[in-house]
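Visitor: I'd like to ask some things about the structure below.
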Amino acid sequence: MTTWVALVVVVLMLASALAVLLLRSFVAAVAATAVVGLGLTVLFVLMRAPDVAMTEAAVGAGLSGVILALALRRLGLWRIEDNGRGDGDA
Amino acid sequence: MRNLASLLFAGGLAFLLLTLLSQLAFGTPPMRVGSEILAVAPGEVGAANLVTAILLGYRGFDTLGELAILFAAATAAGVVLGRRRDDARRDPPGGEVLRTGADLLFPLLVVVGFYVIAHGHLTPGGGFQGGVILAAAFFVALLAQPARHLSHGLILWIEGLAGAAFILIGIWALVASGDFLAPLLGPGRMGELLSAGTLPLLSLAIGLKVGAELAGIMAHIADAEAPDT
């Protein structure tokens with residue numbers, strides 16, 4: 001059972017890691033990196049390392065995503081819509 | 001020229017790693033320190049959460065190194081980002097939903113952060129995790145109302161005092177028992193909030209320091225001038 005859960009999580013992580021490379025929108029890529037961190041958190045929980053899982057959830061899924069998003073905004077790349085209609089900077 | 005230098009660097013690194021790999025067979029020498037710590041730690045440190053006993057008791061010096069690295073990173077970020085212009089545009093407030101949500105979340109996040117810090121020696125968690133949660137609490141409030149100012153002076157004071165407290169506890173242990181950062185005050189009864197000697201104090205110092213540092217970094221990046229669109 002655990003193996004299957006881990007397998008699904010690993011596939012999800014690989015898919016979102018690929019999505020980071022392939023997605024055109026920077027905002028979506030940042031969200032995908034957070035998904036990789038979240039998957040890693042689940043793996044740590046499965047391996048019975050709750051301490052590491054908490055750190056990974058806080059830093060990998062939360063903090064690094066926020067810092068990447070802030071850096072995007074600072075560079076002026078924070079665009080929700082990518083079809084040139086308007087720049088919806090949040 | 002630069003390509004050649006990179007090639008030389010990569011080659012040298014590969015050579016060093018290969019030397020290490022060829023000299024040391026994989027998995028040797030066997031690391032027996034883990035089982036040793038498992039056997040000794042409950043009686044010696046008295047922390048129900050063994051991970052914290054190792055992080056703050058047996059490997060306290062490494063933790064001090066991590067704090068130093070985080071401090072260097074925060075300092076570097078502050079130097080690189082610089083100061084904002086006084087007349088620069090600010091972001092508009094985040095709106096009703098975000099503001100109410102932030103007001104609702106802020107006390108909960110602060111309580112959870114301090115809970116995780118205070119129970120670091122009993123349940124999974126500790127200074128780093130709790131500190132990040134504290135930083136998130138202050139950052140959510142800042143996201144909702146960018147005009148609200150996070151006092152950088154206060155952050156610097158908290159950060160400095162917490163770091164100094166960590167080192168002072170270490171020196172206190174050095175004077176009292178002869179080992180830097182050795183747990184003092186006796187192990188106490190395992191599972192109680194006030195047990196495991198000085199570990200909760202160290203945990204609190206780490207939590208405040210990490211929280212102040214990360215909140216400072218994020219406030220600094222978020223405090224940038226809004227894009228002129």
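The count begins at 1 with the first shown residue.
Using N, Cα and C of the backbone, Cβ positions are placed for all residues, glycine too.
Summarising the annotation, TrEMBL assigns domain 'MrpA C-terminal/MbhE' to B:31-85. The feature transmembrane segment is assigned by TrEMBL to B:64-83, B:104-122, B:128-147, B:154-173, B:193-212. Here TrEMBL flags B:97-214 as domain 'Na+/H+ antiporter MnhB subunit-related protein'.
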Visitor: Which of B:64-83, B:128-147, B:154-173, B:193-212 has the most Cβ pairs closer than 8 Å to the transmembrane segment (B:104-122)?
Guide: B:128-147
Visitor: Can you count helix, strand and coil residues in the domain 'MrpA C-terminal/MbhE' (B:31-85) using DSSP?
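Guide: Breakdown, helix to coil: 43 helix, 0 strand, 12 coil.
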Visitor: Considering every residue in the domain 'MrpA C-terminal/MbhE' (B:31-85), what is the mean pLDDT value?
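Guide: That region's mean pLDDT is 82.
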